[in-house]
Amino acid sequence: MNKKPLEQIKNVTNVTGYRQVSLWKREDLQHPQPDELAEEVPVALVYNGISHVVMMASPKDLEQFAVGFSLSEGIIEHRREIFGMDVVAVCNGLEVQIELSSRRFMGLKARRRALAGRTGCGVCGVEQLNDIGKPVQPLPFTQSFDLANLDQALAHLNDFQPVGRLTGCTHAAAWVRLTGELAGGFEDVGRHVALDKLLGRRAEVGEGWQHGAALVSSRASYEMVQKAAMCGVEILFAVSAATTLAVEVAERCNLTLVGFCKPGRATVYTHPQRLIAG
């Protein structure tokens, strides 16, 4: 592939995730005004020289995305199975070049599939309907979360959306400690990608983020539930609703799924035994 850098992303280590543009407002179509738009670029994950998937994503925090995607898709089981990564600008987007352990790469080749990405859509390109669901080990019940602490987390979720505050165009995913404090978070134009970035960072942090919950600014799709469960996350909070398939998957894998998370409000779909009313 031609390794010419993108005009918009010449330095892949120092990107903002947005671009200055000129546009027109309804009340004045004669005079353009400055504004910001969120960047959306094709990102290819390349394992040991073989391109596996292309996703549309924000061009930030791509190492965390690669780790999280690799874990949540079952390509690896541990962060240490990735030996190295490089982010490279190519003619049509970005590549994350990932060096996998030999054992994991052999497993990937055995079940390799080609996905052509929409915005963070992980179903696009799946060859058969039976390939959509992944086997997930039922989660243990090792923690409880006091819902009285959820409002604190919700109040600070926007802290991890600097591009979203400028553009109104990103989703967020954050890690909530059992105290309600947000330990960290990520944003992306794709909700699944934002969650993958969070899961990747959680794997890098290790024990410090073992207990707690994931909080996403979007709806809860089946795939987000599956990704969380694949990474051992026991509780998933979503600002919007859950789908029927998301609830079915959460029930089956013992994940506590909570939607419509707003100040003073939460709707629990599955496994309320991990929660304390508040």
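Note that Cβ sites are derived from N, Cα and C of the backbone, with glycine treated the same way.
The model shown is predicted, which means the values in this text are computed figures rather than measured ones.
According to Swiss-Prot:
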ACT_SITE  Cys121  active site, cysteine persulfide intermediate
BINDING   Phe260, Cys261, Lys262, Pro263, Gly264, Arg265  Mo-bis(molybdopterin guanine dinucleotide) binding site
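For Arg265 (Mo-bis(molybdopterin guanine dinucleotide) binding site), no same-chain residue that is 6 or more apart in sequence has a Cβ closer than 8 Å to its Cβ.
Taking the centre of the Cβ atoms of Phe260, Cys261, Lys262, Pro263, Gly264, Arg265 as the Mo-bis(molybdopterin guanine dinucleotide) site, the nearby residues of that chain (Cβ within 8 Å, site residues left out) are Leu150, Asp151, Leu154, Ala266. Cβ crowding, taken as the number of other Cβ atoms within 10 Å, peaks at Cys261 among the binding-site residues Phe260, Cys261, Lys262, Pro263, Gly264.
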